[in-house]
Amino acid sequence: MGCDRNCGLIAGAVIGAVLAVFGGILMPVGDMLIEKTIKKETVLEEGTIAFKNWVKTGTTVYRQFWIFDVQNPEDVAVNSSKIKVKQRGLTRYRVRYLAKENITQDSETHTVSFLQPNGAIFEPSLSVGTENDTFTVLNLAVAAAPHLYPNVFIQGVLNSLIKKSKSSMFQKRTLKELLWGYKDPFLSLVPYPITTTVGVFYPYNNTADGVYKVFTGKDDISKVAIIDTYKGKKNLSYWPSYCDMINGTDAASFPPFIEKTQVLQFFSSDICRSIYAVFGAEINLKGIPVYRFILPSLAFASPLQNPDNHCFCTEKIISKNCTSYGVLDIGKCKDGKPVYISLPHFLYASPETSQPIEGLSPNEEEHSTYLDVEPITGFTLRFAKRLQINILVKPARKIEALKGLKQNYFVPILWLNETGTIGDEKAEMFRNQVTGKINLLGLVEITLLSVGVVMFIVFMISYCACRSKRVN
């Protein structure tokens, strides 16, 4: 009977050891299975989870707008006073609801090209006010005139047309006009063919961004969704030739298996360049662990503070010999118009940039940009892209509407928050198909290993105790 008991203890120990070994073996095998599945499903080709969501996003995306309503327009134009602004909004539009078009796969280069159609649908139930609300804002055409036509003789001619059209430095426009376009009275008098419709985002509806060409990841998953080329209407060639303006993805997804130490690069045609985000925190989003990546202040620093930004200083006067920071000149990307991009309320910008403006209150929580990325798949499950549109206004002695100015102004027009979050139904599907299976496999691995180790130890202790009794 003692022999039978000893044999049972030894057998139990062996079983425990086998379970522990099996659990240990299952871990790398399980990890390999997970990696293989993720690599398969994140490739941009027909039939994968990534491709389905890439063609048409399953997330509802909104653009929220806040307008800077100017409170003292005449005082500014006559006395060059500080511009007093009042933020008004929010107004919400649904965007990115259209599927990609002209999708063309190239199996030789492992790339896929496409166009991204643009469209915006006003959401009155989610907005404060209507599209017909009126705002006092900068006159876009008048402000741009001296930049587009620096010749003083031409400015004199334009001045007569500005006066004839009764235009001034500031104007009243409805939200719909400001965003999507209006027929400008001053430009309508110009005696040669030019575009007379003006708007911050004109043209937008019924247009398309691209052509983009991105890697599918079929041959190398570390390149999936990374942009190979961009041939859009927006001119990027004005950047110095040694500057590579297109890096990374479009931020909708990144190559899988994201590490906290990574720098995520992504291209935005809105600012005509790539930018980057760094790890900020771990967050739980609807039961899904995600990494939050944020745009750091260093991304907007001057070349003096961040030498990597030397490519983005294209002139010496306004930038004060490339020492100012926080605003990006994208004028040449906008047909020469004096458009500057910043974060809302000039967050992270030089103090002198916002000094001539009253009514701004920058804070990181409301005005910074972030991406919540699921690290295993690389899918962006929530994001907030926040930008401010500014126009540079300079004194112009030949244009009466601007000759009273004694300083340059970066006049804020509006700021936007383009945001999207994975829906509840999609989140449940993601948990079931991805994180749930991974967690279950991990639990099985740990359980087998733990139970095996415990069984081995318990049975070995019992066996040793039994042997000790027999000896005594």
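Glycine residues also receive a Cβ, built from the backbone N, Cα and C atoms like all the rest.
What TrEMBL records for this protein:
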- 7-29: transmembrane segment (TRANSMEM)
- Cys243-Cys311: disulfide bond (DISULFID)
- Cys272-Cys333: disulfide bond (DISULFID)
- Cys313-Cys322: disulfide bond (DISULFID)
- 440-466: transmembrane segment (TRANSMEM)
- Tyr463: site 'Critical for TLR4-TLR6 dimerization and signaling' (SITE)
- Lys469: ubiquitin cross-link (CROSSLNK)
Ranked by the number of other Cβ atoms within 10 Å of their own Cβ, which of the disulfide-bonded residues Cys272, Cys313, Cys322 ranks first?
Cys272
Which residue among the disulfide-bonded residues Cys311, Cys333 has the fewest other Cβ atoms within 10 Å of its Cβ, if you could check?
Cys311
What is the interatomic distance between the Cα atoms of Cys313 (disulfide bond) and Cys272 (disulfide bond), given in whole Å?
14
For Cys311 (disulfide bond), identify the closest of the disulfide-bonded residues Cys272, Cys322, Cys333, judging by Cα separation.
Cys322
In whole Å, how far does the CA atom of Cys333 (disulfide bond) lie from that of Cys322 (disulfide bond)?
19
